[in-house]
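Taken verbatim from TrEMBL:
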COMPBIAS  1-21  compositional bias 'Basic and acidic residues'
COMPBIAS  29-41  compositional bias 'Low complexity'
COMPBIAS  598-617  compositional bias 'Basic residues'
COMPBIAS  650-659  compositional bias 'Basic residues'
COMPBIAS  660-672  compositional bias 'Basic and acidic residues'
COMPBIAS  679-693  compositional bias 'Polar residues'
DOMAIN    69-104  domain 'FCS-type'
REGION    1-54  region 'Disordered'
REGION    584-701  region 'Disordered'
REPEAT    165-269  repeat 'MBT'
REPEAT    277-373  repeat 'MBT'
REPEAT    375-480  repeat 'MBT'
REPEAT    488-584  repeat 'MBT'
């Protein structure tokens, strides 16, 4: 400490090197090679030029002479501000600090107080000034030259990333809005996105500079779209020429004050470097009282990117070839919470299935036996080293239900989203009631005799609806294939089949305040090819049900999805997690079947194949033409059937998409004892408020 006091007394105040608590230089002009300051030249006159080894290059800057850093003895790091510079220019014999002020601040802990004051919106204190601009810039220039040489050597080894879809340009060109992250509770940061909003300030890399080293500047959020934000550098005001899109969860985005606490330089963009003479005063005025990211934002992102499922965990998952049963699969890959599952009997690992870890299609080992679901036993006896059954607590829980009283019964009619054609809501039947509230549902008119295409839905699933749901909400209901009495009327159909409708009170009527709005952009899984995540748009909202349109594709490939589906993601999710995003299809890259004529399709007899999504060039289709397909598109082989029950084999029906919209809302009250009497209550289509509304059938006693 004696050396510190003595040198402080001998050193004039003008020679002390300073930098404010924002981590900013005292004026951008110090970064310009053309500009010099009289004070800096005067400060450098009395300095003694150190002896320089002949083997090291010499850097001169306004009279200051420094050696080129060699990465070892030639470099030093200030223990106070973290500045990396030429060791010869550092203060004291030990070279621990870059200035007298840093030495004093280290002992007084004034840095901590300055950061705390900045986080509270207070102006920086004078004690935080620790570096003078000219010596700092000389050191910075030396280190920048060193970094540039290292980067040039590493360029040849760098892996060139695959060109990604430009969400920012797409959103701006179409003047659209991205769904906010808070709509997706299952994604990283979905539950702690908090008050992140437009107008907040962040510290980001400054790309508008001639410096070869990394420097930063403050930017404001102009527009939010999912994880991505349109940013504008502070000082540009209404000038949008340098606006840029950035994912807020990437490591290059920091809260205001990060540069001060990390010793990183804040440098104004060169475009506006002469706009203000005192940048410190400008920042103090602009940043006082504004919001920024939470200090632990980066830590929360890292924490949220950890997923409990690990490679080689065993799960039960729906058999993509036979929807009525499950199989054992191993977790092969985890990306952003999405799991690539390889069926246990797969020899080469190609027989796989993609789903989210919260998907209702996966369960813990033993689930099928516990509820009475069909299960394909594996012939594999030798286990792979490292295998383990995924703990039951990792899977999404379903609501407890009481099946002892009034509950679904075999043969009851309802409406359900067709799992093999998610653009259609169809007439369906409860085929088997399982334990724990699960049901086996069959689509009327297209079922296999052995029930191999029945699908398991929970009684509280948002994918099943009471009779009349589509009628009330102006959704086209797909009638049974071969049913010729059109337009379809539920009352007539129930009387003809001798069936009863499932009571409305058994269905899930909860409508959360999901926050989605019509026209919002997002990234969505194509559930007919669940390995693909595509650019998509919300085109319709019916309470909690969303109509998802895949951009660039015809409307017939739309899918009905629940608002809380784990297969929906905010804009920027693929970039954040490293998942491949499928861009919108264009007319030129669609692969059309060779024999399909361009004229309108005529009605045809059902031959067993559900409508499949057309695949752009470069995408591997799951199926080809042939018999009825499942998720994978593979031809079905009938597994052992369930015991015979329920109504007789349904009659064949016409093409799946030949259904007609009802002419008006059905309001029936027939005087007959053969079926239950019921009426329909008027509902509202495309609910933009998230209220539940009166959109279910009101069944009379």
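Going from the start of the chain as shown, residues are counted 1 onward.
Note that Cβ sites are derived from N, Cα and C of the backbone, with glycine treated the same way.
Model, not experiment: these values are computed from the prediction.
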> When the repeat 'MBT' (488-584) is classified with DSSP, how many of its residues are helical, how many are strand and how many are coil?
Replying inline: 19 helix, 31 strand, 47 coil
> Is the repeat 'MBT' (375-480) in contact with the repeat 'MBT' (165-269), using three or more Cβ pairs under 8 angstroms as the rule and ignoring pairs under 6 apart in sequence?
Replying inline: no
> Per DSSP, what is the residue tally for the repeat 'MBT' (165-269) in helix, strand and coil?
Replying inline: 16 helix, 30 strand, 59 coil
> Can you tell me how the residues of the repeat 'MBT' (375-480) break down into helix, strand and coil by DSSP?
Replying inline: 10 helix, 36 strand, 60 coil
